[in-house]
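Peer 1: Below, the features straight out of TrEMBL:
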type	residues	note
ACT_SITE	His267	active site
ACT_SITE	Cys317	active site
COMPBIAS	15-26	compositional bias 'Gly residues'
COMPBIAS	339-354	compositional bias 'Polar residues'
DOMAIN	29-118	domain 'CARD'
DOMAIN	189-321	domain 'Caspase family p20'
DOMAIN	361-445	domain 'Caspase family p10'
REGION	1-31	region 'Disordered'
REGION	328-357	region 'Disordered'
Amino acid sequence: MVTGPRGMPGRWRCYGGGRGSGGGDGAAMEERRRRALRRSRVLLVERLRPEPLWEPLRERGVFTEAMLEELRSLRTRREQVRQLVIDLESRGQQAFPVFLSILRDTGQGELADALSEACGSLPSQPINLRPVQLELSGEKRGKSESTVERLSIPVQDKNEQFRAPPAPAKGSAVDKSDQNLVYQLKADPCGHCLIINNITFSPDSGLSTRTGSDVDCERLEKRFKSLCFRVQTLRNLKAQEINAKLRSLAQQDHSALDCCLVVILSHGCQTSHNQFPGGIYGTDGISIPIEKIVKHFDGSNCPSLRGKPKLFFIQACGGDQKDQGFEVDCDSPEDETCRSSVESDATPFQTPSGNLDEPDAVASLPTPGDILVSYSTFPGFVSWRDKSSGSWYVETLDSMLGQHAHSEDLLTVLVRVANAVSAKGKFKQIPGCFNFLRKKFFFMCK
């Protein structure tokens with residue numbers, strides 16, 4: 001086990017082993033076996049009983065005692081199984097068949113059969129093409145008879161099943177099935193989606209009622225349900241209640257799920273920060289930094305979401321500045337949103353006391369990895385909301401997801417959102433994001 005700069009244990013490691021052990025011959029596990037493990041991950045997390053496996057895995061040289069101690073130290077059975085599957089990929093060519101044998105020896109033969117079937121359904125060798133000759137009539141070249149040309153064209157063997165390579169997703173140069181560059185979402189539902197919708201604030205908070213926020217909330221509920229999330233909506237939470245709910249969600253077991261999503265609709269403000277700017281208000285007028293919200297779900301505090309995408313969508317002001325925009329040579333699109341019903345979700349920024357000269361980087365990446373925070377507006381500026389049609393950001397986000405989530409990755413969709421919102425209104429607004437995702441993220445579409 002290795003430790004990070006702060007002395008915290010980390011999962012990044014490279015194990016060796018003696019010659020003849022399950023993972024010590026220095027050869028990597030076959031790609032088709034790796035893919036079989038990944039394809040069967042949800043089934044294994046649901047059904048595998050890891051306790052009977054520990055001793056056989058040690059005796060047959062797949063893992064050392066130190067490795068097994070680390071696996072057993074994980075809090076839940078699901079976490080142990082998920083990490084076991086991940087670690088098996090690094091234990092060499094013999095780890096897969098030995099693992100199947102141990103599964104059968106411990107009465108879990110149905111899982112071994114499922115893994116064997118998953119492995120057998122994947123092509124292990126390139127498709128064997130053999131040449132055949134086709135006769136094509138050529139053009140007449142001053143002769144009465146036609147010229148015959150013989151061309152050798154590769155044709156698939158009739159005994160082999162043709163498997164066409166998947167086409168790249170529209171709007172992306174990356175194949176969705178590329179596990180090195182794309183997050184794989186296979187679970188259904190793919191993850192939890194929590195929406196916190198703060199509308200009415202306490203009178204002494206000085207914060208106005210956020211009329212139109214219910215429109216935003218209903219849009220996003222329907223949208224994320226259609227994108228295979230399990231959606232929960234909570235209304236009018238105080239700051240302490242928001243923290244408690246986020247902590248509770250982060251402490252759930254997400255092992256059988258592939259991602260997590262949090263939406264917050266509220267008033268917002270500027271805050272001091274090291275990583276993620278901005279803050280949101282509870283209905284009691286107490287602010288919570290976005291940084292604190294995100295931290296509940298990072299690799300240190302939410303182990304079952306390690307390596308999985310955590311997405312945050314924040315509809316709130318980043319401050320009280322109003323962007324007047326600037327003149328451009330070409331005509332901007334006309335927009336009908338310059339109406340008296342448009343409000344902002346801003347409150348003034350109060351500069352905190354103390355030393356603010358703090359580094360904006362963290363010392364132990366990738367603790368905040370696999371995280372994306374999408375803001376409705378640039379830090380320091382207001383975010384506009386229409387009393388009848390909802391906020392510019394949520395309305396546009398919903399529309400762009402509806403049009404493009406089936407074919408484009410999330411970052412491409414968010415660029416579309418920024419472009420569309422920036423064309424609205426007399427006062428300007430541009431959404432943005434802090435992206436710490438390691439791969440491209442494509443939503444699942446029903």
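Even glycines carry a Cβ here, placed using N, Cα and C.
On a predicted model such as this, the values are computed, not experimentally measured, just so you know.
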Peer 1: If I take the alpha carbons of Cys317 (active site) and His267 (active site), what is the distance between them in whole Å?
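Peer 2: The Cα atom of Cys317 (active site) is 6 Å away from the Cα atom of His267 (active site).
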Peer 1: Among all the protein chains here, how many other CB atoms are within 10 A of the CB of Cys317 (active site)?
Peer 2: 32
Peer 1: Applying a 10 Å Cβ distance cut-off over all chains shown, what neighbour count does His267 (active site) have?
Peer 2: 25
Peer 1: Within the domain 'Caspase family p10' (361-445) only, compute the mean pLDDT.
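Peer 2: Here the mean pLDDT over the domain 'Caspase family p10' (361-445) amounts to 84.
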